[in-house]
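TrEMBL has this to say about the protein:
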- H208: active site, tele-UMP-histidine intermediate (ACT_SITE)
- C81, C84, H155, H206: Zn(2+) binding site (BINDING)
- 52-217: domain 'Galactose-1-phosphate uridyl transferase N-terminal' (DOMAIN)
- 226-387: domain 'Galactose-1-phosphate uridyl transferase C-terminal' (DOMAIN)
Amino acid sequence: MADGRDLIYFDDTEAYVSGERTRRLDDPRPLPARFEPRIDADGVEQPPLGPEMRLDPLTGDWIPMASHRMNRTFLPAADACPLCPARPADSGTDYSDGEVPDTDYDVVVFENRFPALMQLPGVGLEDGWAVDGEDLWQARPAAGRCEVVCFSSDHTGSFGGLTPRRVRTIIEAWADRTTELSALPGIEQVFCFENRGKEIGVTLPHPHGQIYAFPFVTPRTQAMLRQAAAYRDRTGGHLLRDVLDAERRAGTRVVLETEHWTAYVPAAARWPVEVHLAPNRDVLDLPGLTEVEREDLALAYLELLRRLDRFFVEPEEAGGAPIPLPYIAGWHQAVVGEGRELGRLHLQVISVLRAPGKLKYLAGVESGMASWISDTTPERIAARLQEVAL
Ligand SMILES: [Zn+2]
């Protein structure tokens, strides 16, 4: 793109699949290069600024801080969707602003323009400092990467309405990005996820997801690795493998089984709606999936999302229509470095909707103590997901 960011196409339509046509991007935007030196008030050249992260000495968590000032001179018009093709082929109009300066696309991935995590040339994690000169407060460049994945050039619809072929392309994009981002210096974990619905805080309705490449292991994954390591020491087993086997043995909370995948509501689910989807074979991450597992995943994932969109219905007096579920769907993958063998690929889908028109807000003990209280039971969630199977 005009400011030096990558834009990567993943195609599943002709004539791109056959190679008859290839993509070529001409980005007309007047974007300043992202890593141009800044000129300060005194006219002195300063190095570009990136996001920083600080270590919370009380929890050991890294907290990225995205308050850095980038060269924010170009913003799409407020009424234009920045994820739609910016130059529709049939419109005959000029460029209309947006993040995808092309006439059309199937699936595209690009770096977020104002990311929470970003690698600057010549700046590494080792370039840390102590906040206010106090060793207790360690800070580092938040040297990761944030990418946006557009699932379709069609502004309307959602992931659950995509064709299996398109979902298959998106799986390919996730796997490719996981491989590429894992190879960047200092990246410890790659998280592909989608937020759907304004209740989750999604501001752009255009079907899209995100990928975060973290320069640290996230708190949830750290907790999972601690548990998995302790479990291995105690039993010699693999925690995530054994959890899947136990769920399959019990069967009570299993909601979907295909040749290669199993979906279940975990026995200690904490969200009003929560379901996990895991491969039957031990797989560390998305790149580790075989061709047939990817094919099967496209179908299983779509079936799961369609059931979630039937989970809640409007009251009879309001018409009884199914409610599109706001959700967060995220892929847990093995970490890049230490503890990699303790990981096992699985998708976690959660929702904050607990009843039609009623959102779960974090209660005092949940926000204050990170101690969760479920408003329902995992068995009830599973029974509903079984009930809405067609
Ligand atoms: Zn759009």
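Glycine too: its Cβ is placed from the backbone N, Cα and C atoms.
Remember, predicted model here, so these are calculated numbers, not experimental data.
Locations of recorded TrEMBL features on the structure.
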residue: C81; record: Zn(2+) binding site; Cβ neighbours (10 Å): 18
residue: C84; record: Zn(2+) binding site; Cβ neighbours (10 Å): 22
residue: H155; record: Zn(2+) binding site; Cβ neighbours (10 Å): 13
residue: H206; record: Zn(2+) binding site; Cβ neighbours (10 Å): 20
residue: H208; record: active site, tele-UMP-histidine intermediate; Cβ neighbours (10 Å): 22
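On the 0 to 100 pLDDT scale, the domain 'Galactose-1-phosphate uridyl transferase N-terminal' (52-217) averages 88 in the predicted structure. Listed in chain order, the extra residues whose Cβ falls within 8 Å of the Cβ center of the Zn(2+) site residues C81, C84, H155, H206 are P82, L83, L204, P205. In this structure the C-alpha atoms belonging to C84 (Zn(2+) binding site) and the residue listed as 'active site, tele-UMP-histidine intermediate' are separated by 11 Å.
Counting in whole angstrom, the residue listed as 'active site, tele-UMP-histidine intermediate' lies 10 from H155 (Zn(2+) binding site) by their C-alpha atoms. Under the DSSP three-state reduction, H208 (active site, tele-UMP-histidine intermediate) is assigned to strand.
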